[in-house]
C-alpha cells in the first residue's frame, strides 16, 4: 500500500458558509485522513506565492483577491491515491459542471468562488504541502 498526500484548501466562500465540518466529514468518509491542518488568513504575499504558477494568467489578480478576502482552512490529506480521491470529491473546477454530491456542486458559488483547492498531481502536492507545512507539523495517524 502506497500512501499519498495532497494539499486541500477550503476557500473563503466555503469557510463563510460554515461548512468546514461538512467537508471534513466527506474527506473522512472517503478514507482521507487529515494529518495536518491550520486555519488562517492568507496574506497577499502568501497567496501570490502559492498561485505564482498562474501569475501571467488573466484571472491571477482576482484569484489572489478572493483568497485573501477571508480565512481559509488548509489541510494535508493522506490515503492511497489521495490526489485523485480528493479531486473526485471536489468535482469539476466549475461548479456548474460538477457532479451532484461533490463538494463544489454542493457548496461552491462560481468558478471563482469554488469552495476548495486540491493539488492536481502527486508532484505538485509535495510542493504545495511544503509551502504551508513544515515536516514537523505533519502527524502520522
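Each position is counted from 1, following the chain as shown.
Glycine is treated like the rest: Cβ placed from N, Cα and C.
If you look up Swiss-Prot, you'll see 117 marked as active site, pros-phosphohistidine intermediate. Sequence-distant contacts of residue 117 (active site, pros-phosphohistidine intermediate), defined by Cβ-Cβ distance under 8 angstroms and a gap of at least six in the same chain, are 7, 8, 9, 11.
In three-state terms derived from DSSP, residue 114 (ATP binding site) belongs to neither a helical nor a strand segment and is classed as coil. The ATP binding site annotation in Swiss-Prot covers 11, 59, 87, 93, 104, 114, and the record cites sequence analysis as its basis.
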Sparsest Cβ surroundings (other CB atoms within 10 Å) among the binding-site residues 93, 114: 93
Close in space, distant in sequence - residue 59 (ATP binding site), Cβ under 8 Å, 6 or more apart: 112
